[in-house]
Amino acid sequence: MRIVFLLAVIAICLAAPALSTSPSYRDHSLWTKTTRANPHEVINFRVALKQNNIDVLESVLLDVSNPKSHNYGKHWSIERILDLIAPEAHLSTEVVLFLEMHGAFNVENHRDYIKASARVEDIEAIFKVNMFNYKHVSRPDRIVRSGAVYTIPSQFRDLIHMVTGISELPHVKAQPAPRKLKVGAADSGIVIPQTIQNLYGIPTGYNNNKNTSLCLAEFQDDQSFNKKDLNVFATKTATPLITVTNIVGPYSGSDPDLESTLDVQYGGAIAETANVWFWTVEGWMYEFASDFFGTKVVPYVVSMSWGWPETLQCQSGVGNCQNGETAEQYVQRVNAEFIKIGLRGVTLLAASGDQGAPGDGDPECGNKKKPLSTIFPGASPYVTSVGATMLQAPSAADKRAAKKNVGANPPICTGTPCATSTTEIVCTYPDALITTGGGFSDYSPVPEWQQAQVSAYLSSGVPLPASQYFNSTNRGFPDVSALGHNYAIIASSQIEQVDGTSCSSPVFGAVVALLNSYRLNNNKPTLGFINPLLYSAPSSAFTDITAGDNKCTESCCSKFGFTATKGWDPVTGLGTPVFKNLLAYVQTLN
Ligand SMILES: *[C@@H]1O[C@H](CO)[C@@H](O)[C@H](O)[C@H]1NC(C)=O
Ligand SMILES: *[C@@H]1O[C@H](CO)[C@@H](O)[C@H](O)[C@H]1NC(C)=O
């Protein structure tokens with residue numbers, strides 16, 4: 001399996017045409033098996049145990065997240081959730097004892113999963129595998145894996161769902177390759193925090209509740225932003241200095257990564273004084289979600305700008321799925337973890353993808369059998385899926401207003417003109433480097449909270465792809481949108497311009513963090529799983545984006561895709577936030 005970060009870059013060269021780069025989708029899984037592993041080397045792994053009552057847990061989540069329910073906001077504790085779903089204590093204890101008896105150590109029983117370490121020779125005996133050293137073409141280090149299917153000890157076959165850390169080869173992000181940017185219908189000015197704050201009416205100078213928080217989650221070896229860059233960003237954009245209050249997982253600040261840099265700079269700038277968490281993950285969604293759920297003190301909002309098609313979560317050879325598990329089973333297990341996280345009162349957001357409706361399943365626009373694909377976690381019903389818009393070329397009135405306000409511009413606009421338009425359209429290639437993703441999940445049925453809007457879309461008379469290409473009875477995504485074109489970030493002290501639903505997700509996450517601040521200041525619970533609230537909000541809470549489609553990808557346009565229209569659509573969702581009206585609605589809730 002390959003996983004992509006949802007971001008494309010334009011490198012700025014002085015007085016030269018803008019060059020852009022976008023991720024290349026080849027060469028992700030170039031692992032080579034080398035020598036047999038040292039039998040004494042230590043491996044960390046985790047064992048996911050089968051859960052009970054997930055259907056009950058889901059109805060509890062929907063109840064506490066429904067603004068009309070008298071249980072609204074009554075979130076559950078970790079213990080209460082595990083009491084409902086975890087296997088009986090004596091069963092997990094048996095697995096712990098078995099692992100310890102066979103040489104495992106540091107064994108942690110988290111009730112519905114077990115984390116442990118063991119030497120290679122013990123792993124080989126327990127799971128009937130041969131462990132090898134693997135090297136990747138683009139990584140200096142080596143890792144130890146079996147690269148082949150493991151065997152669950154027979155007495156635990158009904159209890160253990162999957163084991164991670166032993167067989168699967170992790171996904172390595174490819175280096176971006178240059179591409180030319182065409183400028184046409186879009187505003188060519190850069191987007192800075194003030195562009196977003198002005199457009200959505202997001203207040204500045206916000207003195208947040210000191211417990212409000214926003215977390216940026218990063219995957220693969222994408223583990224760094226540079227603290228010096230935050231200083232330069234603050235000076236150049238005239239915004240308050242961003243302080244990252246919590247770092248979880250491996251971090252190296254010397255070699256800033258563009259995805260992490262974007263997430264921290266725009267999530268942090270829009271959320272103002274909220275606590276900013278930076279959480280790096282060794283592994284993929286199951287590792288993240290299971291660790292996050294089990295952590296006592298966690299941030300209340302998480303943005304994930306990462307994804308890959310739902311149906312490709314178990315791509316052969318490398319991937320999360322072993323032992324005959326299907327992509328659908330992997331997606332369902334992670335969705336169960338997302339339900340648990342939502343029930344704790346945490347909002348999860350994910351980018352809706354950068355390759356339009358064709359998605360990473362058909363980035364070259366040539367697949368006749370399956371021309372549309374989805375994204376995970378962006379198509380999960382338990383995340384708020386965020387799509388991208390862009391500013392259209394400025395009108396004469398926009399230009400006049402910008403001229404008047406030129407004195408208020410921060411220093412960054414001097415060398416690189418800032419955007420002046422105030423009208424949003426669908427973010428799409430070839431005017432942007434990406435096309436916003438959207439469509440219908442392959443696996444999850446349409447949730448009740450969006451049923452009315454999805455039905456209205458399907459019966460609105462907009463042209464739809466032929467019915468065999470998408471599952472119209474399923475969850476539609478995205479839910480909402482925010483700007484996703486031409487953001488200016490500071491990486492290694494340089495200005496870089498980036499495009500992506502990667503821009504949109506942390507910005508909408510920051511809006512949720514500010515709304516949470518209001519809730520906390522008024523002794524109300526955090527917003528948690530926010531989709532039922534978004535779909536029940538008055539239409540004035542969003543600017544509806546009604547023109548454009550998502551038939552293109554990052555490099556071509558397909559015949560297949562969805563068209564934006566009045567109301568919710570699988571292109572820009574409900575639209576972009578009108579902060580004042582969204583807050584007014586939140587203020588009416590318990
Ligand atoms: C922040 O959270 C802690 C722990 O829940 C609580 O004791 C404290 O009162 C909260 N502070 C504010 C300002 O809400
Ligand atoms: C559509 O998705 C549902 C699950 O929500 C599934 O039961 C059904 O088989 C799918 N239909 C097709 C044609 O894939």
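The backbone N, Cα and C atoms fix where each Cβ goes, and this holds for glycine too.
Database features (TrEMBL):
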SIGNAL    1-20  signal peptide
DOMAIN    190-589  domain 'Peptidase S53'
ACT_SITE  E259  active site, charge relay system
ACT_SITE  D263  active site, charge relay system
ACT_SITE  S502  active site, charge relay system
BINDING   D544, I545, G567, D569  Ca(2+) binding site
Exercise for review: Out of D544, D569, give me whichever of these binding-site residues has the highest number of other Cβ atoms within 10 Å.
Suggested key: D569
Review point. What binding-site residues among D544, I545, G567, D569 are found with a C-alpha within 10 angstroms of that of E259 (active site, charge relay system)?
Key: none
Exercise for review: For the domain 'Peptidase S53' (190-589), would you mind checking the mean pLDDT of the predicted model?
Suggested key: 94
Study note, to complete from the structure: If you count the other CB atoms within 10 A of the CB of I545 (Ca(2+) binding site), including all protein chains displayed, you should get 25
Exercise for review: Would you count the other C-beta atoms found within 10 angstroms of the C-beta of G567 (Ca(2+) binding site) for me?
Suggested key: 16
Exercise for review: Starting from each candidate's C-beta and looking 10 angstroms out, tell me which of the active-site residues E259, D263 has the most other C-beta atoms.
Suggested key: D263
Check your understanding: What number of additional C-beta atoms lies within 10 angstroms of the C-beta atom of S502 (active site, charge relay system)?
Key -> 30
Review point. Can you tell me how far the Cα of S502 (active site, charge relay system) sits from the Cα of D263 (active site, charge relay system), in Å?
Key: 7
Study note, to complete from the structure: Per DSSP (three-state), G567 (Ca(2+) binding site) is coil
**Study point:** 8 Å Cβ shell about D544, I545, G567, D569 centroid, Ca(2+) site members excluded
**Key:** T546, A564, T565, K566, W568, V571, T572, G573, L574, G575
Review point. According to DSSP, which of helix, strand or coil covers D263 (active site, charge relay system)?
Key: helix
Revision key, fill the gap. DSSP says S502 (active site, charge relay system), in three-state terms, is helix
